[in-house]
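Taking it in order: structure first as C-alpha cells, then the write-up.
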Amino acid sequence: MAKDTTGRMHVQVKTGGKRKLSSKLWLERQLNDPYVAQAKRDGYRSRATYKLIEIDDKYHLLKPGMTVVDLGAAPGGWSQIAARRVGAEAGKGKVIAIDLLEMGEVPGVTFTQMDFHAQDAPEKLRAMLGGRADVVMSDMAANTTGHRKTDQLRIVGLVELAAHFAGEVLKPGGSFLAKTFQSGADAELLAQLKRDYATVRHVKPAASRQDSSERYVLAMGFRGGEPAELL
C-alpha cells in the first residue's frame, strides 16, 4: 500500500495464481476509487448512483409524483435515487425497472428481470407502466468485442432502442437520459432526438471516470417532430 499524488493511500493488488492482469487492474481501480468507497458509506448499490445524483441536481429530471422507467437497472443505484426523489418509497410516484441480470429488492421499485432486446419487452413494459412515463433513463451497456467500430455501433444501437421506446411512452414534456460513448457513430441518433425534444445535450458527470469516453445524452421537453436545440 502506497500514497498517491493526492496523499490518499493507494492499494496495489498482486498478480498471483490465475488472476489476469486485466482483472488485477480492474480490482485495483475499484479499491482505489473514492466513489466506490463513498457508495458503501452512503448505502448506495453502485458508484453510478452519483452520476444520476449530479445530473438530477443540475437539470431537475426527477420530481415528486413522477413515473420513471429505469432500463438496465441492476444493481439498482439509479432506481434507489429515482424512488426517493419521485416519492415512490411513500407510494406517491412510480419507478419501473428492468435488467437482464437479477436485482435485489429496492423499496418503491417494481422490478422485472427481462432482456430489453426481446421482441415482447416493450409491450411488457407498457403493461407494467399502465400509462405514460415522465422519465425514461438507461444506463445499459452493450457487450464489447474489442473491435472499436463494432462496439461503437452496438452501443449506439442500444441507445437507439431505448430512445425509440421512450418516444412511445413519454408524456409531453418528458425526459430521456441514456449512457453512450463519445464517437462519430451517433449522428443519426442525435438528429432524431433533436426532432423529438426541445433540448438535447451531452453531459459527463464527475463520477464518470475521466479516462473513459463514457458520457450521457440528455433529451428534455419531449414533443416529437419539432426541431430541437443541441447544446
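One is the number of the first residue shown, and numbering goes on along the chain from there.
Cβ coordinates come from backbone N, Cα and C, glycine included.
Secondary structure at Asp99 (S-adenosyl-L-methionine binding site), taken from DSSP and collapsed to helix, strand or coil, is strand. The S-adenosyl-L-methionine binding site annotation in Swiss-Prot covers Gly76, Trp78, Asp99, Asp115, Asp139 and rests on sequence analysis.
If you look up Swiss-Prot, you'll see Lys179 marked as active site, proton acceptor, on the strength of sequence analysis. Lys179 (active site, proton acceptor) carries a strand DSSP state (E or B).
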Would you mind ranking the binding-site residues Asp99, Asp115, Asp139 by how many other Cβ atoms sit within 10 Å of each Cβ and giving me the lowest?
Asp115
What Cα-Cα separation, expressed in whole Å, is found between Asp99 (S-adenosyl-L-methionine binding site) and Lys179 (active site, proton acceptor)?
15
Quick check for you: of the binding-site residues Gly76, Trp78, Asp115, which have their Cα within 10 Å of the Cα of Lys179 (active site, proton acceptor)?
none
Quick one: give me the count of other CB atoms within 10 A of the CB of Trp78 (S-adenosyl-L-methionine binding site).
31
